[in-house]
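Annotated in TrEMBL:
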type: DOMAIN; residues: A:5-119; note: domain 'CMP/dCMP-type deaminase'
type: BINDING; residues: A:His56, A:Cys86, A:Cys89; note: Zn(2+) binding site
type: ACT_SITE; residues: A:Glu58; note: active site, proton donor
2 protein chains.
Amino acid sequence: MENIFTDDYFMKKALHEAEMAFEKGEIPVGAIVVVDNRVIARSHNLTELLNDVTAHAEMQSITAAANFLGGKYLKDCTLYVTLEPCQMCAGALYWSQISKVVYGAYDEHRGYRKMGAQLHPKTTVVTGVMEQECGALMKAFFQKRR
Amino acid sequence: MENIFTDDYFMKKALHEAEMAFEKGEIPVGAIVVVDNRVIARSHNLTELLNDVTAHAEMQSITAAANFLGGKYLKDCTLYVTLEPCQMCAGALYWSQISKVVYGAYDEHRGYRKMGAQLHPKTTVVTGVMEQECGALMKAFFQKRR
């Protein structure tokens with residue numbers, strides 16, 4: 001039987017979250033956390049609505065997943081996020097010791113790699129999953145705003 | 001008239017917060033945010049109590065200060081924190097464009113400088129304020145835990 005639970009399958013769910021952010025006038029980034037092919041957290045960027053720079057999609061999903069699991073470590077979890085995490089989110093992911101991070105579009109300006117921040121050495125990283133779709137939503141947002 | 005509102009004056013308040021964390025069995029880090037010599041946010045590390053790696057003192061104070069100000073940028077604010085921020089907190093401070101960060105003890109292992117993360121270029125940084133007192137509380141905590 002074909003495995004439907006691919007990285008694309010889950011990234012589409014993160015992208016759906018990003019679209020919800022877009023519709024609210026937020027920079028369109030979405031994230032979900034998955035454990036054993038089950039989505040245990042989903043969120044999208046809410047920095048404008050909440051007036052809070054810490055309200056990135058990843059931060060909310062990390063907190064929600066920890067609440068769901070009843071523990072602060074996300075050792076058997078995968079985070080899917082439509083945009084490369086910033087240094088804040090990479091730092092939170094570092095502390096969570098998450099198993100795997102999958103991101104879509106690259107952030108060449110404020111992404112954690114460019115800024116010099118680090119994920120946990122135990123974390124597997126997969127990049128560029130549905131990069132075009134994730135990036136297109138970002139481009140559409142910034143074109144609209146100009 | 002002597003200015004009582006020195007960095008030591010405010011760091012003592014952050015240290016008081018760190019002592020509250022210590023008493024709860026949390027890694028003893030405290031933070032406050034000050035604007036025009038007025039404390040607008042105070043917090044201490046709650047990662048154990050909340051089961052949440054994002055519940056660092058700085059993160060809570062950034063959110064609380066933004067709530068107080070009604071805007072997400074902390075451009076005229078100073079954050080006092082007893083320990084050098086980690087890369088997550090440095091990343092949040094970066095996004096907040098905070099004016100000034102004052103920290104007490106250095107974190108040579110997980111501090112943002114060692115990890116490679118960055119504060120905002122507009123942020124003034126003052127280090128080592130009440131370093132001994134801030135560091136002594138950390139040492140006492142880890143000795144107790146062993």
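Just so it is clear, glycine is given a Cβ too, placed from its N, Cα and C backbone atoms.
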Sparsest-packed of the listed binding-site residues (A:Cys86, A:Cys89) - C-beta count within 10 angstroms: A:Cys86
Secondary structure composition of the domain 'CMP/dCMP-type deaminase' (A:5-119) [DSSP: H/G/I, E/B, coil]: 44 helix, 25 strand, 46 coil
Neighbourhood of A:His56 (Zn(2+) binding site), C-beta criterion under 8 angstroms, separation at least six: A:Val29, A:Asn45, A:Thr47, A:Pro85, A:Cys86, A:Met88, A:Cys89
